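Participant: One structure coming up, written as structure tokens, with questions to follow.
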Amino acid sequence: MEFSTTLALFFTLSIFLVGAQAKVPVDDQFRVVNEGGYTDYSPIEYNPDVRGFVPFSDNFRLCFYNTTQNAYTLALRIGNRAQESTLRWVWEANRGSPVKENATLTFGEDGNLVLAEADGRVVWQTNTANKGVVGIKILENGNMVIYDSNGKFVWQSFDSPTDTLLVGQSLKLNGQNKLVSRLSPSVNANGPYSLVMEAKKLVLYYTTNKTPKPIGYYEYEFFTKIAQLQSMTFQAVEDADTTWGLHMEGVDSGSQFNVSTFLSRPKHNATLSFLRLESDGNIRVWSYSTLATSTAWDVTYTAFTNDNTDGNDECRIPEHCLGFGLCKKGQCNACPSDIGLLGWDETCKIPSLASCDPKTFHYFKIEGADSFMTKYNGGSTTTESACGDKCTRDCKCLGFFYNRKSSRCWLGYELKTLTKTGDTSLVAYVKAPNASKKSALAI
């Protein structure tokens, strides 16, 4: 027994010593200070200031960038400055936690990649210290990896997507299972939209501080019976000798076969493509050609279009009309109010209530109007008047939607974009203060 214990201790100590002896060679270590002039002046997504540095590959480069003064994000961009095409961002380390001038990015002999403020406060790190790391590099597919002496990845950027999936990158059940949109082109914080891998499908959600739970506004479903999705990967699949298709491919725990949904067939090299949940709530696939110049980028897939092929036009995106608006075929063309349909502009908003007391407000009705929430959320079965009573008793409810054919009711904690349908069995009710005029709007 004593011999076994001693032997086990010996092997444990040996493994520890081997790991401890593995260090990053001096020539592969670096310390970058966020200072000095800017490096990239080609057209750049979000119109930021950029400082690029090593490591980089032919098509990818690690950079500091900012869209507001003295607030920098550590990010990976794709594109080639020589082509004069737009450089785009495909991965970020510190969204929502920007660093200032003179911040540092350090890759030392212990193998940890650390982003810190000038005063030493750590903002982000890979937590790879003393794990046998010997190097860092960016692969041809845009995956930034930290690896050991056997070439095994100790850390990889593919495991922590933000709003983007590169070809070969996945959402995982036991890992990062969602993408989260950017708040806006100028503000790099988490936005209200997310693409989530659930047990049997991919779902687009809209979430704000007013919604009791995320509201689904689009779903990717699969015709194959699924037990539990383990992962969903953005893949480039060779269809023929000269054509490639872009798919989302899922691995199901209950089947030996993958499930797949086809997205697009780029005319360029499909392997330099990425799928992104945009700040506007749409999903787009961008494909890049290393041969083209200013036309290097193609949008090869868009989830919400205005071609009327599947009913999922841009009016189905919650904030397409910003604060409030009535939409048809992707166009925000009216601002509903209880004095009529007014012309829409960016100032359109829902009525403001001074009190939750039912005596102080009423509803105005919009016939033929639908909501982004009704298609993928079941609602409840009740009468039209009972639906209104529920909203009236709920101070957070801004209005409600009712389907007279199915007797389904949805309470609206965010109204945002309404869709004009022409179907009078669909009706929307909006709370308005009693100081304004009551009106029923037929559209």
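Placement of Cβ uses the backbone N, Cα and C atoms for every residue, glycine included.
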Participant: Scan C387, C397, C409 and flag the one Swiss-Prot records as disulfide-linked to C391.
Facilitator: C397
Participant: Which of these, C356, C387, shares a disulfide with C409 in Swiss-Prot?
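Facilitator: Recorded disulfide partner of C409 in Swiss-Prot: C387.
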Participant: Could you measure between N102 (N-linked glycosylation site) and C397 (disulfide bond) for me? Cα positions, answer in whole angstrom.
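Facilitator: A Cα-Cα distance of 47 Å.
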Participant: Starting from the Cβ of C391 (disulfide bond), draw a 10 Å sphere and report how many other Cβ atoms land inside it.
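Facilitator: Looking across every protein chain shown, the total is 23.
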Participant: In angstrom units, rounded to an integer, how far apart are the Cα atoms of N269 (N-linked glycosylation site) and C409 (disulfide bond)?
Facilitator: 47
Participant: Which one is it, among the recorded positions N66, N258, C391, C397, N434, that lies nearest to C409 (disulfide bond) by Cα separation?
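Facilitator: Checked the recorded positions N66, N258, C391, C397, N434; minimum Cα distance to C409 (disulfide bond) goes to C391.
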Participant: Give me the Cα-Cα distance between C397 (disulfide bond) and C387 (disulfide bond), rounded to a whole Å.
Facilitator: 11
Participant: Within 10 Å of each Cβ, count the other Cβ atoms, then let me know which of the glycosylation sites N66, N269 comes out lowest.
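Facilitator: Counting other Cβ atoms within 10 Å of each of the glycosylation sites N66, N269, the minimum falls on N269.
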Participant: Go through C387, C397, C409, the listed disulfide-bonded residues, and name the one with the sparsest Cβ surroundings, counting other Cβ atoms within 10 Å.
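Facilitator: Selected from the disulfide-bonded residues C387, C397, C409 on minimum Cβ neighbours within 10 Å: C397.
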